[in-house]
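Participant: What follows is a structure written as structure tokens; I'll ask about it next.
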Amino acid sequence: MEFDTIAAISTPPGEGAIAIIRLSGPEAIQIADRIFYAKNSLSEAESHTIHYGHIKEDGEVIEEVMVTVMRAPRTFTREDVVEINAHGGIVSVNRVLQLLLRNGANLAEPGEFTKRAFLNGRIDLSQAEAVMDLIRAKTDRAMGVAIRQMDGNLSRLIRNLRQEILDALAQVEVNIDYPEYDDVEEMTQRMLLEKTELVRASVEQLLRTASQGKILREGLATAIIGRPNVGKSSLLNQLIQEEKAIVTDIAGTTRDIIEEYVNVRGVPLRLIDTAGIRETEDIVEKIGVERSRKALADADFILLVLNQNEELTVEDEALFEAAAGHNYVVVLNKTDLETKLDIDRVRELAGENPIVSTSLVNDEGLEALEEAIKTLFFAGDIDAGDATYVSNVRHIALLHQALEALNGVTTGIQLGMPVDIVQIDMTRAWDLLGEITGDSVQDELLDQLFNQFCLGK
């Protein structure tokens, strides 16, 4: 498969030390050579070499560059690739790009370089999606999961499962088409059930990693809730180690939602500091309270902050009711002051949810809180080693559908259905697993997936 030659700026826009303009396609080297001036021609350059020179437009030098030449097929796209390393400005880099476009290159679509790597067989679809996961990773663990997926861990596992299914389907087909041959091993219902159970167990094992994998990939939407002036903004500032939220003794200081990402011992949290939830006549504060209620409803995880120096109120108890059904940790703040809170009642309301005491003004209790968060979501252990996580929502949905199809095979066999009937569900499971790696996928889906990428990737 041969495409046209594309070009795009691969580095973020703005000022910086270096900017990279990337070309890929059959004319990549020739197009770059038309605007590059140096001692030797790029067209004569060996693969994987770097060359110093200048970019000229109408005889005028517009950039001093280093150009990397990489010849097919030993490139990311398996096409000829040229990368022009220029100074990280806005004007000069765009002039170089426009010059390339005028000399025959087409502007790349978002994700088109990675899409070509997939279409040319360099990577499969799950590996392509892992590229974006790596770019978006918020923690070292999320980065590790993405790198292992890019390396093909998930792909190999899925392909092995598809091969198991294919072997069984082939045996069934032989039995159906050539029943008269004595030397053909009969695929009995028991044998098919054993094959199915083997694949089904592996799919279930993958799905058991889904909740942790999704957390690592997307982070937890974490609402910090509580009545006004209990220490919510102080908690946000402590967790992100920055004075992001205004902290005063005046109740109702936080009027709007503040969001920040933070890595808590490998657990990525999208912290949402909400306005204190209370009845108020202040129009602006009332809007903030309504937004807080929505953030609470949409949260994956809640930090419910109470003031240990005040008695428990009806509003506090209402927060426990609102948090019901969510994972949450109760934070008893201001332990440096006299305890007036009914701790036994708090334990009763919290049930099995962890309770942590803090004095944020004295930097006390934060380590215990971080440990409680890690333990709540990863049972205290997030070191997965070389374990294969499934974290992509699309992959998870396809695995659930494949599991449903495999369950259909098992049910059909148990009901005594003929093998050639239950193979329909077996074939469906094979197709669904193939959608994960891109072995069976629609063009419309490919366009949708790669359009999520940035330009130049």
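From the backbone N, Cα and C atoms, a Cβ is placed for every residue, glycine too.
Predicted, not measured: the structure shown is a model, and the values here were computed from it.
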Participant: Per Swiss-Prot, which of ARG22, ARG190, ARG394 sits in the (6S)-5-formyl-5,6,7,8-tetrahydrofolate site along with GLU83, ARG122, LYS457?
Facilitator: ARG22
Participant: Please identify, among the binding-site residues ARG22, GLU83, ARG122, LYS457, the one with the smallest Cα-Cα distance to SER233 (Mg(2+) binding site).
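Facilitator: Checking each of ARG22, GLU83, ARG122, LYS457 against SER233 (Mg(2+) binding site), the shortest Cα distance is to LYS457.
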Participant: So what's the average pLDDT for the domain 'TrmE-type G' (219-378)?
Facilitator: 80
Participant: For ARG22 ((6S)-5-formyl-5,6,7,8-tetrahydrofolate binding site), what residues in its own chain, 6 or more apart in sequence, show a Cβ-Cβ distance under 8 Å?
Facilitator: ALA7, ALA8, ILE9, SER10, VAL81, VAL82, GLU83, ILE84, ALA108, PHE113, GLY456
Participant: So among the binding-site residues ASN229, SER233, who's got the most Cβ atoms within 10 Å?
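Facilitator: In terms of Cβ crowding, the pick is SER233.
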Participant: Over all shown protein chains, what is the count of other CB atoms within 10 A of the CB belonging to ARG122 ((6S)-5-formyl-5,6,7,8-tetrahydrofolate binding site)?
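Facilitator: The answer is 17 other Cβ atoms.
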